[in-house]
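Here is the structure we will look at, set down as structure tokens.
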Amino acid sequence: MRRPLFLFFIGLVLGEAAAIFLNRIGFFVMALFLLIFMIFCFIFYRKVRREQSLFFIYEVLCWFFFLMGGIAFFRASYFNEIDRILSKKTLTGTLIGQVEYVRQNAEGEYQITVRENSFVVNENHLKDGIKKNLKKCSISSIKSNLRQTKKLPGKCRLVKIPVSKGKIYPGDFITCTGKLKAIEEQTNPGEFNTKIYYYSVGIRYQFFGENLTRKRESPLSLHRIAGSVREKIDAIYRHILSDTEYALLKAIFLGDKTDLSKEQKHLYEENGMAHLLAVSGLHVSIVGGMLFRFLRKKGRSYAFSCIVGSGILFFYAVMTGFGNSVFRAAVMFFCFLLAQYFGAEYDMISSMSLAGILMLLEHPWRLLESGCVISFASIFSIGMILPIAKELWEKRSQNRLIAGELPTESPGRKIIRQAFLANIVISMSITPLLLRFFYQWSPYSILLNLFVIPAMSPLLISAVLGGLLGFFSYVAAFLGCIPAVVLLRIFEMIFRLVKQIPGAVIVTGCPPWWEILFLYLIEISFFFLWYYRQKGFSVIFCLFLIAGRCFFTVPALKITMLDVGQGECIFIKMPTGESMLIDGGSTSKKNIAEYTLVPALKYYGTDHLDYVIITHTDEDHISGIRELFEQNYPIKHIVLPDTKAMNSSNAIQKAGKKKGYSFLKISRTDQLNFGAIHLRCLHPQKGWEAEDTNSGSLVLYLTYDKFTMLFTGDLNGEQESLLEPDRGEESMPSVNILKVAHHGSKNSTTKSFLEEFQPQKAIISAGKNNLYGHPHKETIKKLQKNGADIYGTLWGGAIIIESDGQKYKINYFKRG
């Protein structure tokens, strides 16, 4: 077998994937079944030739890696005693550990990654009920247990730490008092999955410190030297460059995005160029590869060139934090250097497989991390698919040349063609994954990469040169950075122009995995039909596949109550395509539009809102909507309750009209129609004089054939009684789903209201451990007594409802 490492890598990946989707028993049953199957095959083919026997050995080793992958993932996901406590609350105490990586923001606060962590729990937690988690032990043993220094598995991320004395460098031993928290899980569709990201780099905990001191300064080490060099280069860039170029060059060369503005991030992301803002394999190949080739051209030996090239590369990787893409590229580059030294043939797929095995065994959660998956998909396409595509293209070009259909190709045109082909192959390989992870596509990125990727070599050389010259002279550093600055400005100019072209960003939504496989099937079919010169048929065939997909996908009403902490936000996607937001605010989470609302809209394939309905103007219902105004997010209509308090001087109307948004008001009996879906207002009456904003909340009754749902805003119990006669007169059926009013407070959702509407399910939006005690125990008891199944964002995250008008299903958001 030519590439046994690739087979072992596939076995490891499949083992981890099985561990993710199966429980422990299911995984080991599957592993046992595979072992029995291999033994059966061996007995059946025991008289085969030696080559086939060797293949059986490869199969056994592949099974061994399958088993290792599953066991590694189970070990990485082990839930220890500290984890069980942190799943319910935070712990106060003292963290002790060694600094691995340091970042400092403009305010002087540190973000630090600490390894070899120990944690001493504050004894006051005994009073807070932690003893319930250790109730089998005596009180004295609990006190003794908590006084002991606990060893924490994995690394810990210290966030916004003020430093009391001196600077902190990698390698230093520190102590810090504060609060230890578990890494937050993804609770909303489209939301960034912090747990997968941090677990993929070995970070298990977050620590919010109040005071940090250096316990012991580290001896001279590689980490300390790399950290000092990085800090010096950062200071050089800050001194000689403008804020814009400084932030970009710091992100591109040093891998630190803390100073990038939102506008800069969005500009690169919307043009499909976000990969430029992270240290990746491209940087490694340029830094290490160019140095190696330079030394060889100067007549240095293979041994010297390999040692210096790998040494500088390793130092750069440590300096930038040794991210997943850097780790993969570094291992592959070391394999390349070894192949050069021993005169062996370098195989990209085998080196990629070795890197993948080492990375997944170290941190198995890398299998789920988007950047890591896309990085390996890119390398696989270059090492496996591109050679096949080149061979087919050359074969077809040669046939057309012999037939006289194609003129002789010039060297320049051949280089451009090969670059374009490579770009097309890579784009086709990773685009389905980009849709899955980022929910949008930048079609012009294929052309932009043809210019940007070659330009990255002189840009990085200029950045390196400027950083090194800055150790001697700021003037020399500025001159060295001029090419990088010029290229960054050209990038910005081109990206802004491309952004103005129609179709520059296509929001696709998050396709399920079966659709990802379907997209790959379309790409493969199109490519081979094109090769066999069936252009018309290839287009018709792909259109047929796409039409088949659309035919078998039945549009459904989708209602999602997002988890915004202590607040409320409901997104509705109509079967007819319209999108609607009912409220959108929080008092416990900041920037919910950027981190929760807009990502959720992209997840559902929405780049605008047809309606935004504001039930009332409390901050916990409108803070995110105000943020949407500030972003100039496309909104066609904003709906308000027609009350006296909701006049033109209202703050939310002022903010919206200032941005050019149009408002309309509705009151009782008004109705919005979306095909078979009707949304009728039950409260308030026109011109309602509300004692407070809650009593004037919009109440909306949604009907979709047999499916019904009631949205109640923050309505009080007194006003709930006003809904009953209206409903009774029209003999409407009982409500399938009730959105419980006012986050489940004690004074809402009365007994008579529940008896009248008879909800089958009840959904509640409230924050974990909120100050108001929402939802109240009495409200929960009333709902349970009335026979309603209760769902709450504080218990399981976002709540997703789907209905075809006949039946409906309700579930919490499933991560991944």
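Cβ coordinates come from backbone N, Cα and C, glycine included.
Per TrEMBL, these features apply:
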type: DOMAIN; residues: 566-768; note: domain 'Metallo-beta-lactamase'
type: TRANSMEM; residues: 27-45; note: transmembrane segment
type: TRANSMEM; residues: 57-78; note: transmembrane segment
type: TRANSMEM; residues: 273-295; note: transmembrane segment
type: TRANSMEM; residues: 302-319; note: transmembrane segment
type: TRANSMEM; residues: 365-389; note: transmembrane segment
type: TRANSMEM; residues: 415-439; note: transmembrane segment
type: TRANSMEM; residues: 446-465; note: transmembrane segment
type: TRANSMEM; residues: 471-491; note: transmembrane segment
type: TRANSMEM; residues: 512-531; note: transmembrane segment
type: TRANSMEM; residues: 537-557; note: transmembrane segment
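Proximity of distant same-chain residues to the transmembrane segment (273-295), defined by a Cβ-Cβ separation under 8 Å and at least 6 residues beyond the stretch ends, is recorded for 248, 251-255, 257, 260, 265, 304-306, 308-310, 312-313, 316-317, 320-321, 323, 325-326, 328-330, 332-333, 337, 340, 371, 375, 378-379, 442, 445, 448, 452-453, 456-457, 460-461, 464, 491, 495. When Cβ-Cβ distances below 8 Å are used as the criterion, the transmembrane segment (446-465) is approached by residues 249, 252-253, 271-273, 276, 282-283, 286-287, 290, 419-420, 423-424, 427, 480-484, 487-488, 490-491, 494-495, 498 of the same chain, each at least six residues removed from its ends. Across the domain 'Metallo-beta-lactamase' (566-768), mean pLDDT in this model comes to 90. Through the fold, the transmembrane segment (27-45) approaches residues 15, 18-19, 52, 56, 59-60, 63, 66-67, 70, 74 of its own chain, all at least 6 residues removed from its boundaries and within a Cβ separation under 8 Å.
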